[in-house]
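Asker: I'd like to ask you about the structure that follows.
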Amino acid sequence: MNRNPVYLALDLPRLDAAEALARKVSGHIGGIKLGLEFFCAHGHHGVHELHKVGLPIFLDLKLHDIPNTVAGAMQAIHVLQPSIVTIHAAGGRAMMEDAKAAAGENCKVVAVTVLTSLDGDDLSAIGVNANPYDQALRLADLAHSAGLDGIVCSGHEVGAVHKQWKDGYFVVPGLRPADGKVGDQKRTVTPREARDAGASVLVIGRPISRAEDPLAAAKAIEATL
Ligand SMILES: O=c1ccn([C@@H]2O[C@H](COP(=O)(O)O)[C@@H](O)[C@H]2O)c(=O)[nH]1
């Protein structure tokens, strides 16, 4: 049977609340995603605590620095046994190569292409002369040639990336059920659309964590897949 592709983004300030939520929905998700908010607040201790839930841990740290620094950070998190770690493709080829070389054997390293909270206007404001689709495909190509396992992109690009990188590992956030609040996300699709387009991992946070009934929300999303 295929593993549930949903990784729950635990962007919550309190460790006890994060662990309780993860336990509550653990039968209806495939993994737990811990990001900057969680890691800055709870560090290695928090990750060890969440390991006790018994699901794979995705460390969404979006590392972006000079190659030597990112490689050192990758080595420092070996001990946490993450199944997936993110870096930024905009850090360049050498940074991605060194990050992959420093990662543990069972850890997939995936590169963020264009954040799902950005649209074309945001890219032009930071001097990127391409639309999010073209930019995501360009960075996907770079990540592929740097030997990474896959990328992070929105559901609008994952189908095209999948066509040119058949065995890639594709993480898709910015997911909203058909009637869901979009919030700060600008390039959204439904979980089902992302899965059908070739996503390997569906990252879902607030549609579950901020739902009135998170368990019912997780079950409803699972039923659509
Ligand atoms: O491009 C990206 C990369 C990472 N994220 C992360 O995914 C979750 C999404 O949370 P929601 O509450 O479902 O919007 C969050 O942890 C982000 O840091 C992303 O959204 N987009």
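Using N, Cα and C of the backbone, Cβ positions are placed for all residues, glycine too.
The model shown is predicted, which means the values in this text are computed figures rather than measured ones.
Features from TrEMBL:
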type	residues	note
ACT_SITE	Asp60	active site, for OMPdecase activity
ACT_SITE	Lys62	active site, proton donor
ACT_SITE	Lys62	active site, for OMPdecase activity
ACT_SITE	Asp65	active site, for OMPdecase activity
BINDING	Asp11, Lys33, 60-69, Thr116, Arg176, Gln185, 205-206	substrate binding site
DOMAIN	5-221	domain 'Orotidine 5'-phosphate decarboxylase'
Asker: So if I take the binding-site residues (Asp11, Leu61, Thr116, Gly205) and measure from each Cβ to the nearest atom of ligand 1, which come out below 6 Å?
Answerer: Asp11, Thr116, Gly205
Asker: Rounded to an integer, what is the Cα-Cα distance in Å between Gly205 (substrate binding site) and Asp60 (active site, for OMPdecase activity)?
Answerer: 13
Asker: Could you measure between Asp60 (active site, for OMPdecase activity) and Pro67 (substrate binding site) for me? Cα positions, answer in whole angstrom.
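Answerer: About 18 Å separates the two Cα atoms.
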Asker: Could you list the residues of the same chain, at least six apart in sequence, whose Cβ is under 8 A from the Cβ of Pro67 (substrate binding site)?
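Answerer: Long-range Cβ contacts: Gly91, Gly92, Ala94, Met95, Glu97, Asp98, Ala99.
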Asker: Helix, strand or coil: which one is Pro67 (substrate binding site) in, per DSSP?
Answerer: helix
Asker: Do you know which of the recorded positions Asp11, Asp60, Lys62, Gly205 has the most other C-beta atoms within 10 angstroms of its C-beta?
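Answerer: In terms of Cβ crowding, the pick is Asp60.
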Asker: Taking only same-chain residues 6+ apart in sequence, whose CB is under 8 Å from that of Asp65 (active site, for OMPdecase activity), what do you get?
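Answerer: Those within reach of Asp65 (active site, for OMPdecase activity), by Cβ under 8 Å and sequence separation of 6 or more, are Ala73, Gly91, Met95.
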Asker: List every residue in the same chain as Leu61 (substrate binding site), at least 6 positions away in sequence, whose Cβ is under 8 Å from its Cβ.
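Answerer: Residues satisfying the criterion: Gly35, Leu36, Phe39, Ala73, Ile77, Val85, Thr86, Ile87.
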Asker: Under DSSP, is Gly205 (substrate binding site) helix, strand or coil?
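Answerer: Where Gly205 (substrate binding site) sits, the three-state DSSP reduction gives coil.
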Asker: For Asp11 (substrate binding site) and the residue listed as 'active site, proton donor', determine the Cα separation and express it in whole Å.
Answerer: 14
Asker: Of His64, Thr116, the binding-site residues given in the record, which has the fewest other CB atoms within 10 A of its CB?
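Answerer: So among His64, Thr116, the binding-site residues given, the one with the fewest Cβ atoms within 10 Å is His64.
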